[in-house]
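Feature list (source: Swiss-Prot):
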TRANSIT   1-22  transit peptide
DOMAIN    23-320  domain 'Deacetylase sirtuin-type'
BINDING   28-48, 108-111, 248-250, 274-276, 294  NAD(+) binding site
ACT_SITE  144  active site, proton acceptor
BINDING   152, 155, 207, 210  Zn(2+) binding site
């Protein structure tokens, strides 16, 4: 049986067995690579690059030079996130959500593309439209935050990342043109491999309320997922899930793997669709090793919802 047929059968069986519940989906970076956003652990991911140096939450908070390094890199790399469009994975999940087949989406991604899917999925880089990446009626929990918002580390002032990008470019005229031309330096989560001279030349934008430092409103490496989010999402899996469907994630970080462990312990079926092995393969009820998560989801939606698979590649609102 084709992967889409296998997945459709799994979802239909779980739905019939667990009436009153719905599929809870956990998505990772493999759902967004087809939107042109690099990942960390894939075959061409960031961890395979020799020049990769991890920026941790602890480094960012204690070292002002690390803050300059982060924002220099982010200023140059944000264009991969700002204006990014959804791919077939996001659009198919939106259709599944509208149909009721998917009850909730938990995402490790910070790109906001699950929000954008509710607006038709077409990228929009205009500053006044940043809300398309941060706000929607999608039943969505962003485990690691959203790159399209920033927060002051001192007073908690909240600001759109698009506004900060504009102010960074005003504060650093010519910076983007001088240092941001090499696409091969693009990294995951709107990051960029900036040369040392770019970091040294970087002028930060400070909080307009207290003159404090801004931090992206995301969970950095070494930082914990906020406890209220963990508690709410664990309860959601326990009380609402007919099954747990993991898409495009290797499950290497515990903040994602915890849901697979929980589902397994509660007898909730687990399916994994990913390119390559994952941490949860040994306890999954179904594992599909695929080249394209988006293609499999589009074909699965065709089988279950009767929508032509080609529709999900057109990035428009799907009428069910």
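A Cβ is built for glycine as well, from the same backbone N, Cα and C atoms used for every other residue.
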For residue 210 (Zn(2+) binding site): DSSP state (helix, strand, coil): coil
Lowest local Cβ density among 152, 207, 210, which the record lists as binding-site residues, within 10 Å: 210
Residues flanking the Zn(2+) site, with Cβ no more than 8 Å from the Cβ centroid of 152, 155, 207, 210 and excluding those residues themselves: 153, 154, 156, 157, 208, 209, 211, 212
Cα proximity to residue 155 (Zn(2+) binding site), best match among recorded positions 36, 144, 274: 144
Cβ packing number for residue 32 (NAD(+) binding site), 10 Å threshold: 31
Residue among binding-site residues 28, 36 with least C-beta crowding, 10 angstrom cut-off: 36
Other C-beta atoms that fall within 10 angstroms of the C-beta of residue 111 (NAD(+) binding site): 27
From 28, 36, 144: recorded positions whose CA lies within 10 A of residue 210 (Zn(2+) binding site): none
Cα distance (Å, whole number) from residue 144 (active site, proton acceptor) to residue 207 (Zn(2+) binding site): 22
Pairwise Cα distance for residue 111 (NAD(+) binding site)/residue 144 (active site, proton acceptor) [Å, integer]: 10
Spatial separation of the residue listed as 'active site, proton acceptor' from residue 32 (NAD(+) binding site) - C-alpha basis, Å: 15
Cα-nearest neighbour of residue 144 (active site, proton acceptor) within the listed binding-site residues, 28, 36, 152, 274: 28
Residue 152 (Zn(2+) binding site) versus residue 36 (NAD(+) binding site) - Cα distance in angstrom: 29
Reduced DSSP assignment, residue 36 (NAD(+) binding site): coil
